[in-house]
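Taken from Swiss-Prot, the feature ATP binding site covers 726, 727, 728, 729, 730, 731, 732, 733. Sequence annotations record features per position, and here Swiss-Prot assigns compositional bias 'Polar residues' to 1-15. What Swiss-Prot lists as compositional bias 'Low complexity' is 44-54. For 1-94, the entry in Swiss-Prot reads region 'Disordered'.
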């Protein structure tokens, strides 16, 4: 009879968000020693002596150690459901004194978290009441039922979700923008005459979740906070921005001026949640103009953002006497923003005293560190999502992402969203990519090591916050054990280590010791639950070994008891079994039930068998349960100690994880370059952009039956503006995007899809490719087009890359031509920005005769009788026709309409 069939009755859910209960400390007022007299002599000292006398050997890796104990489930609340909606629709409508004690406690907690959905654990369900129940039933399509609220109240609205499915439902609430407060059970057996102890164990918000199932594995989950000083007659608007990915510990701060810059930065960050206390002394904070519409704005009190409070919050969190070492006193608004953010994180993570969400020291983001990409450019270039439907497939990230780990995927996404401006840093990345492209065996060996890596960044964070499960710790050990192998492979090949890989050069010895400690303590495949035991190796702890020896003795007694009862009853088919509800029992067939001994007590009757218990068996059952409870509690204590040890090492684990992520991203880029026939661009600080046989990295992959037509480009060395003409649908927009993507790929350190390339660093990439009405803002297509053009003209410099696809087409022909001409002159003359301007205004070809730094190029077509063949080749010279009518015919416009269009064109030309 396996001892693991028994189950602890003293359990708690504390520290386990959605898992099975975890062992609890004994309740106050109750003895921590077993109640069974036979256990009085089983002191810690005697158990340790037993372990020494009967030493246990740890299982070798790969051996089975699968406990079969089942958690004891608390019965669900049994109130009958009602199909009628109760009268009480809001908790504020009731007098708490008239409520039942449980609902009174619920209302008290709800008053502390009015803006959040409060889920209250009752047995196997998380329930909510009043307005939360109504909202939950509507959003999650749950049945709205009711619960008795008291004699004077009657039934109140109630809706609930099963405990085992809570993570899935909470993830859906978070996705819809709700915040959730979880009130969990802190014990399973209340003190006599008292309510079951419950309390808020977690607050889940879109920007602070740590649970794997609520996070996108391959993108950061940013929480942001901003402090704004309004503009005055003498000073512009100034702002400080702090952003943190609570799941990875990454923290960044910056301070700038101008509302446009803030809007652009927030759009690029795409945070899950933005914290802001509003302007002035007004009550509620209205959505400011600099806040992107889709960003989730969470209002906060002003106090956490005050300078004194923010400074104290930072000092407490980082255990510092002064903030001078962080460099934040020079950025007062950023400091205040980070202080408010940190206070919000602390408020939403009710942790144990020895646990905290590990956040890195904030990194200061200086102006000019990254190539600037506004929202329009990121959308037009389809960096991480397609313009049509917002899907990953068809984007640049989809085309080049060959990373093998979640960490590497997030790293590559960050690179695409903020390409480098530092030439040395870019060249360091490119050198590694080049090494891995040419060294195929090295690349394959590294990728074999990377493939099974877990998400060390987020696993370390969960350990530090006290939320990591045993399998999380085993995954951390798996990853840390691979560090020496990665370092060995790289040291034999890399002459110069990029700064981003230095954490892998000489892994900290403490990390190897930590991995060994995890392996020494935990079995290789621990169960998901922390409450059922079966986590810790034999031979780790004398007290635990002594308890296990005692449980082995109980197993032996059960087996012997089964044999004896068979002999006494003369029934060889008798079985001694265990049921998690009824405990241990003797099972006999119906035919033999009448001949059982008189001292047997009938426990349950089934269709084909009868189940009995005996006083001796029941007494032994109590002994087993108490031993099991002590063993599970001891395992949990050992596990928590190990988890705390891992959490204390979160910073070095994450440093190594970021090195792994960088290596994964670089090896993925190398794989893309090697299989795609890409080249290593020659990078410099000039304005030159020379591309030979360049290709669009996404379109080339999507083409199946035809090959991509490559094209050249030479900008910045004599020519600053290219006027690009050609037919509709001939590939002008594709050519423009291809140029921008090659520039961007070069500045993240990647190879590029071309035969060769010389790339001077750009400070910004601007694109104006197509326009749509912004009816919500009251802007027509033409106004949107002009606003985008104005943004380019105000912010472009000689180092910018400007890609324009038609300007002025939304108004009268001569007005549009005039605007396009003036914009072209300004870009080529005053700004000298490197520009490619695709247009159907063929009159702009005349600019090349007036300005030496303007050149004409066209996309070629071939006319074969009535047919038009798009060659997709870009060559010198300006086109004289747009072939719009032919393009309309190819698009399926009815023949009579096409014929009439030709007649009108001839009349206009005459």
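Note that Cβ sites are derived from N, Cα and C of the backbone, with glycine treated the same way.
Sequence features annotated in Swiss-Prot and their locations in the structure.
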residue	record	Cβ within 10 Å
726	ATP binding site	28
727	ATP binding site	22
728	ATP binding site	16
729	ATP binding site	17
730	ATP binding site	25
731	ATP binding site	22
732	ATP binding site	25
733	ATP binding site	17
Sorted by sequence, non-726, 727, 728, 729, 730, 731, 732, 733 residues with Cβ within 8 Å of centre, ATP: 838, 859, 870
Residue 729 (ATP binding site) in three-state DSSP notation: coil
